[in-house]
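Annotated in Swiss-Prot:
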type     : residues                     : note
DOMAIN   : 20-195                       : domain 'Exonuclease'
BINDING  : Asp23, Glu25, His182, Asp187 : Mg(2+) 2 binding site
BINDING  : Asp23                        : Mg(2+) 1 binding site
SITE     : Phe29                        : site 'Important for substrate binding and specificity'
SITE     : Phe77                        : site 'Important for substrate binding and specificity'
SITE     : Phe125                       : site 'Important for substrate binding and specificity'
SITE     : Phe147                       : site 'Important for substrate binding and specificity'
ACT_SITE : His182                       : active site, proton donor/acceptor
Amino acid sequence: MTIENEALTLKKRFRGYFPVVVDVETAGFNAQTDALLEICAVTLRMDEEGVLHPASTIHFHIEPFEGANLEKEALEFNGIRDPFSPLRGAVSEQEALKEIYKLIRKEQKASDCSRAIMVAHNAAFDLSFVNAANERCKLKRVPFHPFATFDTATLSGLAYGQTVLAKACKTAGMEFDNREAHSALYDTQKTAELFCGIVNKWKALGGWPLVNEE
């Protein structure tokens, strides 16, 4: 691989990190006490031209952990009326996370990256719930960096002057259906599209590859 082609790889672009877009829906704001109810992850790939695209999607509804707090306002906000309904097809936190991590490790290895890094809108929130679930499930091999993230709320504020996901997407020229919002699946797909758009726009403006990098 030439130096020029190497600069257009996922590994080179993010310094060995493998970005994975994540969104969670929860039963409150406290990661230690409130239930994690839904999670989606979208992996990314970089084509031969150095353009970033969404790749694989994995999505789960999750059973509230034993003793979890369920805030009524949060359930009304995300539309999960009955977290215990069998119609949700929910699985345990452990099952969901293990399957997500299995996919991440496979694609991370294929990209020759050393570690996954979470991409999310207001990423500290999503990472806090994932980290809390990791602790509850006593998961030892977690692919994500424990605190580093790419936050699309911050990035879209810089790129488009908007920090709300729906407004950032619309300003970027993307379609956004507010009726679908607050579903982890839909929000993750839109966050992935937004992140790829920002990265690709920066490249198109001449910001990558770095001209002075040896």
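Positions of Cβ are set from backbone N, Cα and C atoms, glycine also.
Set side by side, the recorded sites Phe29, Phe77, Phe125, Phe147 differ in how many other CB atoms lie within 10 angstroms of their CB, and the most is found at Phe125. Cα to Cα, Asp187 (Mg(2+) 2 binding site) and Phe77 (site 'Important for substrate binding and specificity') are separated by 14 Å. Sequence-distant contacts of Asp23 (Mg(2+) 2 binding site), defined as residues of its own chain at least six apart whose C-beta falls under 8 angstroms from its C-beta, comprise Ile39, Cys40, Ala120, His121, Asp126, Ala184, Asp187, Thr188, Thr191. For Phe125 (site 'Important for substrate binding and specificity'), the nearest neighbour among the listed recorded positions (Glu25, Phe29, Phe147, His182), judged by C-alpha distance, is Phe29. Under the three-state DSSP scheme, Phe147 (site 'Important for substrate binding and specificity') falls in the strand class. Candidate binding-site residues: Glu25, His182, Asp187. Fewest other C-beta atoms within 10 angstroms, His182.
Checked against His182 (Mg(2+) 2 binding site) by C-alpha proximity, the recorded sites Phe29, Phe77, Phe147 yield Phe77 as the nearest.
Comparing Phe147 (site 'Important for substrate binding and specificity') with Phe29 (site 'Important for substrate binding and specificity'), their Cα atoms are 18 Å apart once rounded. Apart from Asp23, Glu25, His182, Asp187, the Mg(2+) 2 site neighbourhood in this chain, defined by C-beta within 8 angstroms of the site C-beta centre, holds Val24, Glu38, Cys40, Asn78, Ala181, Ser183, Ala184, Leu185, Tyr186, Thr188.
Taking only the Cα positions, the spacing between Phe77 (site 'Important for substrate binding and specificity') and Glu25 (Mg(2+) 2 binding site) is 10 angstrom.
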